[in-house]
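Working notes, beginning with the structure itself.
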Amino acid sequence: MQRYELIRLIGKGGMGEVYLAHDKACSRRVALKRIREDLSGNALLRKRFLREAKIAADLIHPGIVPVYSICSDGEAVYYTMPYIEGFSLKSLLKSVWQKEVLSKELEEKTSVKSFLPIFDKICATVEYIHSKGVLHRDLKPDNILLGLFGEVVIVDWGAAIFKHAKELKLEQDDEAAVSFDERNICYSSMTIPGKIVGTPDYMAPESLLGVEASEKTDIYALGLILYQMLTLAFPYRRKKGRKLSYRDVVLPPIEMSPYREIPPSLSQIAMKAIAINPADRFSSIQELRQALQPYLQGDPEWTVKATLMAKEKSCWKYYDPILLSRYFPVLASSPAQWYNFMLSEVEISASTRVEYTVTKSAVHEGMGILFLPSKEAERGEFYCGYGLWFSVQNHELTVSLIKNGIEIQKKSQEMISQQYRFAILIEKSDNRIAVFVEQALFILHIDYLPSLGNRLGVIIQDLQGMSNIAISESIGALRVSCLAVPDAFLSEKLYDQAAIFYRKIRDSFPGRKESYEAQFRLGVTLLTQIEEQGGDLTQALSSFDYLHGGAGAPLEYLGKALVYQRNGSFVEEIRCLLFALKRYSQHPEIPRLEDHLCFRLYDSLHKHRSEALVFMLLILWIAPEKISVREEKRFLRIIYHKQQATLFCQVDKAPLQFRSSKMELFLSFWTGFSLFLPELFRRAGELRDYQALADIFYVAGVSGNREAFMQFSTALANVSDEITFPESLHNQKVAELMFFVKGVEALRNKDYQKAKKLLWKTPFTLQLYALDIFHIQAFLDEEIESFIDLLQAIYDPASEEERDHILVYIIQTHLWNRDLERAYKLLNDRFPLDEELAEYSEAFILWGCYLALTGDRVAVKAHFSRCRYKYGKSALIGKCVDGDIFDYLDNLVWWEKKMTLFQSYFLLRCLNESPRRYEKYRQAYLSMENNFFD
């Protein structure tokens, strides 16, 4: 003890005393616990005291005070540990017992909301010691220390023991042989040889009967602690030797302290933990903690608000048959079928749970659950807001999530073939929708804007197969968002009131999430209000400037992207999203932008296919995990025609994989989105992927992006001596790529002889790429003879298979030179009109040009009128016969626009139109941007 100077006594128990001491060797304050002097001569108690110290020393957890040192030399038996400033849980509870009025500070400290995180920390510590095979056996508020800096630690391990300890039997034998003077011992607070272990008030009923301790005895003690935290009262007071009928006297916490606003389910958790029968308690601490998680996270508790009977018309405000709208998702059944539509009479809250069961047969033709804004629903606009569509086909359940008539998420899962009826639960709370089927989570969607749906709609054919619908609303959540009030105003389109409250919240919580979230929603409110009033949407931009550089900085650009989206400024929208994603890539709010990208992808698939490819590329690059395997197949079907019309996809016969660099290059090519090309080039170089490098050069060259082409050319030249391609690539050398690059540059500079010599040294694929890059320039500049010369030089040594790729260019030259006989022969031999020609194919356009040369304008118009897609590329080329098509180009993706302008120019030349007409298209092509952002 010479190393320690005792300062003062800070605690005393049945077996030991705890002092604040000064450690001279380390110059620090410590807590020193030593065995009481009057008990130090007892060998068994010394042994137990040391066991307590060793158990504490073996356990490493934030909720357990670590042991610095243990001493058992001579008569001195003690151990030391860190000194934690604070107070016991008992002292905190005692400070409010039987007090009618509490100070604001004490009321906050002892609120249910404040106590639950403390209780969870206690449980976490007990869960840890149980995992190590240790039972505490004396859990009580007196043994819970609350530090001044948030520490929550369990102390006093005197009663602790290993669950399967061999020494337990030895101690019991020792206890039988030891004589004790019970007059000197307060057995209510210590472990006594031959007596029941623990503090009677916190002991489980079975422990009082002498049953061996278990994890469930610790759970019982924790239940009593939780009970006290909830009620600020003890459920009963047990006297020594007195038997008590617990069931008659223990009131549930919600009845014991009704003024505490204890959620009923939380009250039930406490009662389950202190059940008399151990089998009725929680099976483990983990199960107890899981039961508490909804309250710790602020999740709501639900109470039934209304029960809707499907066949009872009085439950519904609107109850009529409807013809299923074509704007609902594509169904296995025909959308022309009639369905029953019901709109609830009762309004639903922002946090609502919908529960019902339905038969498999009732869902066979599909059924829908809709969350509709009241005003839109009353106007008959039944496809605003969110909706869910359920259908069963071939024992597979499919659930689609719809937003404003657009399918934004879809999931399918096999069902048990014998299953006749299944339960569906839908939770909608603020910005979250969760769908559970048979208690398993099926779909989870988070929208970072307040949901506007406050009416429930049902669409179903078979009313017999649907149970009553229970509508519940949340009550008693321990954490309610302060944004709920203005969100409610926004949902009712009371924009001015919503704006007032959003501003108040913003100003009340500076630097906190609530503040920047309120400002973001304020901006959305103003944007929506201006849009409804038909004003200038860009006025809403300034409201998002407030977020600049702050904790919610990414939301500035998300908000501005929303403004540009609604204003139709697609390029500016993409700029904002890209800036936020690049500058704040590690910011916790970035998932919101990723989710927004996903919504915009699905939204544009229905409204602006030309925009969809850009969002598809961004998601592949930034958040590929957002796209499911099922969606991959769907997207591959959408781009199939473009894939067939892409030269580097025609050359490489391997199927285009959705998650691949080639797909990213493909999307970059069609969208003109060149931002990712440098990274694709670097990646291909590192992988020594010859074909990928060639494809990237082709994309940069054919799109007219000379800056990128020269950048890659310089980079390739710098490493040409270092790169050697593997044998599997037929020993293709970087030199061939360099010849190709220099050959293309020679073509641009109109040094055609040099170009021919350089390209002669390259394989056919690179020659074909150079030919395709050059052919547009040749026709626009009317350098046809030079093009024919190069074409012939490549055609002559080519194989029959290779010549097939060149045939289109030969036909173009015949058409340009008005050689109808040769053009017709090649077209009719290889692409006869009596066969079904795909409208996206080059041959379809060339036939139109041939018919134009014959002078039969009626035949030209009839040919292009066959196009299935009214505003597709081929259809628009046909429209240029009678008028300009510039107003329709926004419906096309970037590369389609360029090719439409070029081919319209070519067609008008074949029609022998006036130079004034076809020159407009030529100039439009030449002036068109070389990439997405120019």
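Cβ coordinates are placed from backbone N, Cα and C, and glycine is handled just like the others.
Note that the structure is predicted; figures quoted are calculated from it, not measured.
Swiss-Prot annotates ILE10, GLY11, LYS12, GLY13, GLY14, MET15, GLY16, GLU17, VAL18 as ATP-binding residues; of LYS33, LYS47, the candidate listed for that same site is LYS33. The Cβ of GLY14 (ATP binding site) has 20 other Cβ atoms within 10 Å, all protein chains considered. Counting other Cβ atoms within 10 Å of each Cβ, the lowest count among the binding-site residues ILE10, VAL18 belongs to ILE10. LYS12 (ATP binding site) has a Cβ environment of 13 other Cβ atoms inside 10 Å. When the recorded positions GLY16, ASP138 are compared by the number of other CB atoms within 10 angstroms of each CB, GLY16 has the fewest. Spanning the residues ILE10, GLY11, LYS12, GLY13, GLY14, MET15, GLY16, GLU17, VAL18, LYS33 that the record associates with binding ATP, the maximal Cα-Cα distance equals 15 Å. GLY16 (ATP binding site) sits 15 Å from ASP138 (active site, proton acceptor), taking the C-alpha atoms as the reference points.
Rounded to a whole value, the Cα-Cα separation of VAL18 (ATP binding site) and ASP138 (active site, proton acceptor) is 17 Å. Under DSSP, GLY16 (ATP binding site) is assigned to a strand (E or B) in the three-state scheme. ASP138 (active site, proton acceptor) is 20 Å away from ILE10 (ATP binding site) when you measure Cα to Cα. Counting in whole angstrom, LYS12 (ATP binding site) lies 15 from ASP138 (active site, proton acceptor) by their C-alpha atoms.
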